[in-house]
Amino acid sequence: MTTPGTDHNADQGADSGDKATKAASGAQTEREVLLVAHTGVHENLGLAAEAASRLQKGGINVRVMATADPAPVARHEVLGRFKRFGHTKEAATGVEMVIVLGGDGTFLRAADIAHSADVPVLGINMGHIGFLAEWEQESLQEAVDRVIDRDYRIEDRMTLSITARDMDGRVLGTGWALNECSVENLNRQGVLDTILEVDERPVSSFGCDGVLVSTPTGSTAYAFSAGGPVLWPELDAILVVTSNAHTLFSRPLVVSPNSMVAVETNPSTSPATVVMDGFRQIHMPPGARVEIRRGPQPVRWVRLDSAPFTDRLVHKFRLPVTGWRGPRH
């Protein structure tokens, strides 16, 4: 999320005079990126090889990480020549950025690595909607050239910090999320009895299939499908959306980013699970609770596109705007 003072240029605040001085003195450090590709799609291998070769020709060393089966990468005549890593923090440690070729699922897994190493992440869409991606595969070459030329900027996106506790207050697990944290019922034959809490005060109790707590970035994902509003990414807020709640009060809530949201389950209800960004999980026995706060560390988001979020929303969801005439001055 963009906040005052958090935007950087690609040289982390260095002005043109500083860059000229560094270039003249030969003091520039060696550049390296981590390239993450969804290898489950054959076409992605060729595009990843194209990107890796172009980055290397541009003077940037490349590491490669496969989110699915690593074997196709190892066997590939081009990608097999680069250093290969698994899903570990070390894969992104010390790199300039993580470049992701894939859909939103691949992006979220790569963001997990980038966040752990505190390095920026750039998404290039190879999926369908790909709302988290900054660029489309048709312009892959341009995106790579922009990285080589350091023609990008970085903005911070808000995250969530999650702690699950049992009935006695013991910590069951911790985690974080870029998109959302969902509390989901494990018993598909009944409802999950919960009570929603904001800033240590009860809001409402209800039976439901689950509760979603989302960032503005995640408001276009699972929360949107559950009937939540779209929040502009520049907004600092926490979004709460219930899933099939059995209550008259089931409207989405938008609360302060400084608030703590908690979802507590009834001791006699079903077990549940906390799912973060669709793939990190914490088991919740009956009577457990999950506490969600603003995360202390944002995700550093690489921006290439200068178009406003409104245009992005219209394009990604193919919203009809026929007949719009614009403001009159």
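Keep in mind that glycine also has a Cβ here, set from the backbone N, Cα and C atoms.
For D104, the entry in Swiss-Prot reads active site, proton acceptor. Sequence-distant contacts (6 or more apart, same chain, Cβ under 8 Å) of D104 (active site, proton acceptor) comprise G127, I129, G130, F131, L132, A133, A221.
Long-range Cβ neighbours of Y222 (NAD(+) binding site) (same chain, at least 6 residues apart, Cβ-Cβ under 8 Å): N179, E180, S182, L212, S214, G278. If you look up Swiss-Prot, you'll see D104, G105, R109, N179, E180, D209, T220, A221, Y222, A223, F224, S225 marked as NAD(+) binding site, on the strength of sequence analysis.
Residues annotated as region 'Disordered' in Swiss-Prot: 1-26.
Here the Cβ of F224 (NAD(+) binding site) has 19 other Cβ atoms within 10 Å, regardless of which shown protein chain they belong to. Considering only the residues assigned to NAD(+) binding, D104, G105, R109, N179, E180, D209, T220, A221, Y222, A223, F224, S225, the longest pairwise Cα distance works out to 25 Å. For R109 (NAD(+) binding site), applying a Cβ distance below 8 Å and a minimum sequence separation of six or more within one chain yields V36, T67, H87, F279.
Every protein chain considered, the tally of other Cβ atoms within 10 Å of the Cβ of E180 (NAD(+) binding site) stands at 25.
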